[in-house]
Amino acid sequence: MLRIAILGRPNVGKSSLFNRMCKRSLAIVNSQEGTTRDRLYGEIRGWGIPVQVIDTGGVDKDSEDHFQKHIYKQALAGANEADILLLVIDIRCGITELDAEIAKQLLYLKKPLILVANKADTLKDEYRVHELYKIGISEIVTVSASHDKHIDKLIHKIKTLANVPEVVEEPREEMHEEEVPGMEFPETKEFLSDDEDEDTAFSQSSVADKPLKIALIGRPNVGKSSIINALLNEERCIIDNVPGTTRDNIDILYSHNDRSYLFIDTAGLRKMKSVKNSIEWISSSRTEKAIARADICLLVIDATHHLSSYDKRILSLISKQKKPHIILVNKWDLIEGVRMEHYIRDLRATDMYIGQSKILCISAATKRNLRQIFSSIDELHTTVSSKVPTPVVNKTLALALQKHHPQVINGRRLRVYYAIHKTATPFQFLLFINAKSLLTKHYECYLKNTLKSAFNLYGVPFDLEFKEKTKRTN
C-alpha cells in the first residue's frame, strides 16, 4: 500500500487538500486554526494499487496550546508511517519560519517530499513560486485546494515519485443486492401472494469481503478514543480529559482474527445550547452521519456517572436508524462494591431501549473485557446476517400462542397463520394473521419479546409486520 502524509502548520489548507484527493468530505474544513487534531485516513481509488492518504493536525511546536504536544506527536507518527510526504504551505504568506522548521525535520527523514504551495488562487500567487526554492525542497507544485486547481498536477507528481503506472479505470458494473434463498415449504404458498415469496423477501445488505464498519458513539470524555487505542495498542486518537478532544470522525482500519474492522471514532454529541461554534456543530452532525454509515454501533457510557438524558437520546438515534448496537460501560475499574450483573440489571431498568440492548462492562485503562468487544461484534453481525429458518420462527410463535392465548375481542380471537423472517436490514419478521383489529399492543409486545429472547436479538432493533390473510382456496 502507498501511504501519503499531508503535513504543515495550522490553517494552510491541509484538510481541504485531503478532501480533494479523496474526493469526499472526510475532514472538517474551517478557517479556525487547529481544526484537525488527530490523524485522519482516507483512500484514493483508481490508481491500480491501494493508496492511503493521512491528514495530520497543524504543527506549531512553540505554541502554548494544551493540545499541541499531542498534535505534534500525531503528525510525526503520520510522517514516519508514510511513503511520500506533502508539506503544505500558504503561498500568499511565503515561507514562514515555522514552514522552514517543519521542512528541515521532514528532509531529515529522507523520504520523497513535495512542497505543496496551496491557496494559489490567482496568477499573481503562482508567479511567487520562485521564492519557495530557498526552503530546500526540489519538488514544488502550486495548487488551490478550495478551487480544485492543479490537483491533477500534484497527483501526477506523486505517481511519478512513487513509480505508479498510469491506469485506465474500467467502468464498474453496477452492484445489486444478492437475494438469499429462503427455505421452501409447500404450505407457504397458502399465505404468500403470486408476486411475493420467501426467496425474494429475505435479503442481506452486507458484503462478506468488506470490513465491518463500527462506530463508537457517546458523550464527550467517556473514553471512546481510549478504547480504540487500547484495542489497537497504538495511540491513534488524541486523548485528554477535556471534553470534545476528538472533532473529526476518524476511520481506523484494523484486522483481528482474519476479519477486517473499520472503526469510526466520533466526536461526542453535545447539548445544542453548548454548541458554540460551527466546528462543534459539524462534529455533532457527523456523529449522526456515522450512525447512519455504521454496520454496528458501540455506545460508550461512563460507569462513574448516572445515565444522562443525552445517553438516552443517542441510543434513541441508534435504535430509530435500526442499527445493531452494543452498550459499552467504560471505566468499570473505578466501580467498587457493585456486582456487574446487578449493575447491568439496574441499567436495563432505566430505559426502554437499554432494556433491549447488549451490554458489556469494560475498562480501557486496565483492558478488562476488551477482547469481548470483538467476539460480541462478531456474534451480533452473525445474528443480523443470518436468516432465521421459517420452521423455527413458526414453532417459536406456536409455543408463545399456546403459553399465553390472545384475548377474545367481540367473540373472536387473534390467529397467527404463518410467519417468516422477512428482511435482515432492517431486521423484520412478517406475520400473517386473521385480523389486525384483534391484535392488541400488549400482545404485540409479548410476541416481540418472545422472538427477542428466542433468537438472542438483544442489541438488534427489529420490527414485526402484520398482514391480514385468509387461507387460499383452490
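Please read every residue number as a count from 1 along the shown chain.
Backbone N, Cα and C define each Cβ position, glycine as well.
As the structure is a computational prediction, the values presented were derived from the model and not from experiment.
Positions annotated as GTP 1 binding site by Swiss-Prot, on the basis of sequence analysis: 8-15, 55-59, 118-121. In this structure, Asn11 (GTP 1 binding site) belongs to neither helix nor strand by DSSP; it is coil.
If you look up Swiss-Prot, you'll see 218-225, 265-269, 330-333 marked as GTP 2 binding site. Other C-beta atoms found within 10 angstroms of the C-beta of Trp332 (GTP 2 binding site) number 21, with every protein chain shown included.
Marked as domain 'EngA-type G 1' by Swiss-Prot: 2-166.
Among the features that Swiss-Prot reports, domain 'EngA-type G 2' is placed at 212-385.
Per DSSP, the secondary structure of the domain 'KH-like' (386-470) breaks down as 31 helix, 26 strand, 28 coil. The domain 'KH-like' annotation in Swiss-Prot covers 386-470.
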Gly8 (GTP 1 binding site), Cβ-centred 10 Å count of other Cβ atoms over all protein chains shown, is 27
On the domain 'KH-like' (386-470), the mean of the pLDDT values is 92
Checking the binding-site residues Asn11, Lys14, Thr56, Ala120 against Thr266 (GTP 2 binding site) with a 10 Å Cα-Cα cut-off, in sequence order, leaves none
Across all protein chains shown, the binding-site residues Thr56, Asn221 give the max Cβ-within-10 Å count at Thr56
Candidates Gly218, Asn221, Trp332 (binding-site residues); nearest Cα to Gly8 (GTP 1 binding site) turns out to be Asn221
One should report the C-alpha separation between Lys224 (GTP 2 binding site) and Thr56 (GTP 1 binding site), rounded to whole angstrom, as 20
Within 10 angstroms of the C-beta of Lys224 (GTP 2 binding site), the count of other C-beta atoms across all shown chains comes to 31
Spacing of the two Cα atoms, Asn221 (GTP 2 binding site) and Thr56 (GTP 1 binding site), in whole angstrom, works out to 22
